[in-house]
């Protein structure tokens, strides 16, 4: 099943929904490995193609070309953000970008206000100058005559007229003061806007969520790699396991087991399962295909049986929905589990009750062995071997899921009857 997913580079959304978070991360890790492998193959093919002699094309006049910068290893120089010790953290870069944006916005607003105020002042100044000129033209001859007459009568000479330099000397401190006030106002507004950005609760919440999500993804990916290595090492020396590096060895089919002894729910006496007029529900074509697959390919490998007897294991169930599996486990305690036949793949689904709730893991049985989807290092010969192994070894390192308490049948008739009749 895993090989099929990696070949198509696609997984059905319904199938993906049944995977646990750990299995999803491992599957994505394997798909990424497959992408890299295909990319390397294409690169090697391109290099072989480029090494062949090619007719040189005539160069165009003033032709433009791109040359990549090469590093010390003669490969294309690449800089990965965040790996160098001098690189700034992500949140610091965000703060600097926001501060720069607000500074530019405040400067632009200040420049606009300054331009508008200058235009207004110039227009008022021009109007006042026009009015003064008109008034001076009317009164200047009279004032000059009157002033000259008064000066001659008093015997004093004409007084010096104030020059334009004196006016500039008086207005210069005023302009400098206005400029300082405007600059101070601009700085205060920039600080205020930046502070409001920093204190914005939604922005802070989204930043925290993104950091937490990144940290969780890194942790899950790291844990998946560690599980990958740990299980591969254990798989080399485990009993009842197959090493995928040498390929799954197809076991010889044993003879068909005898008619199973069905486990009855507690408090209900055993009854003959002959022709009792059992009411059957309509079975879909997908269920019929699953039943046929189980009878033809799984019964010879004692799927659903206890390890050392001809009795159906208490943890084994038939074709159950996700909702029904959750209902059965809801009456149990953490550590309870069941294995049900899956309609999505040629395999099974292990439903497990943890402290946080129900978890579901897909078991691939397409290669005549049993392993969790995504973790293809440990391939068990039977379902019972898989259960026995994970009674002591947790399914995932993060969840520490140990198969402690099998969840049995709760109805009068077991839900796996159709698989064995």
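Here the Cβ of each residue, glycine as well, is placed from N, Cα and C on the backbone.
The annotation phosphoserine is assigned in Swiss-Prot to 117 (among others). According to DSSP, residue 117 (phosphoserine) sits within a helical segment.
On its own chain, residue 123 (phosphoserine) has no residue at least 6 apart in sequence with a Cβ closer than 8 Å to its own Cβ. Here Swiss-Prot flags 123 (among others) as phosphoserine, drawing on similarity to another entry.
Annotation comment: Swiss-Prot describes 132-271 as region 'Disordered'.
What Swiss-Prot records for 163-201 (among others) is compositional bias 'Basic and acidic residues'.
Same-chain residues lying 6+ beyond the ends of the compositional bias 'Basic and acidic residues' (211-230) with a Cβ under 8 Å from its Cβ atoms: 21-22, 25-26, 29, 90-91, 375, 377, 396-398. Under the heading compositional bias 'Basic and acidic residues', Swiss-Prot lists 211-230 (among others).
The phosphoserine feature in Swiss-Prot is assigned to 232 (among others).
Annotation source Swiss-Prot lists domain 'SH2' at 315-407.
Mean per-residue pLDDT, taken over the domain 'SH2' (315-407), amounts to 84.
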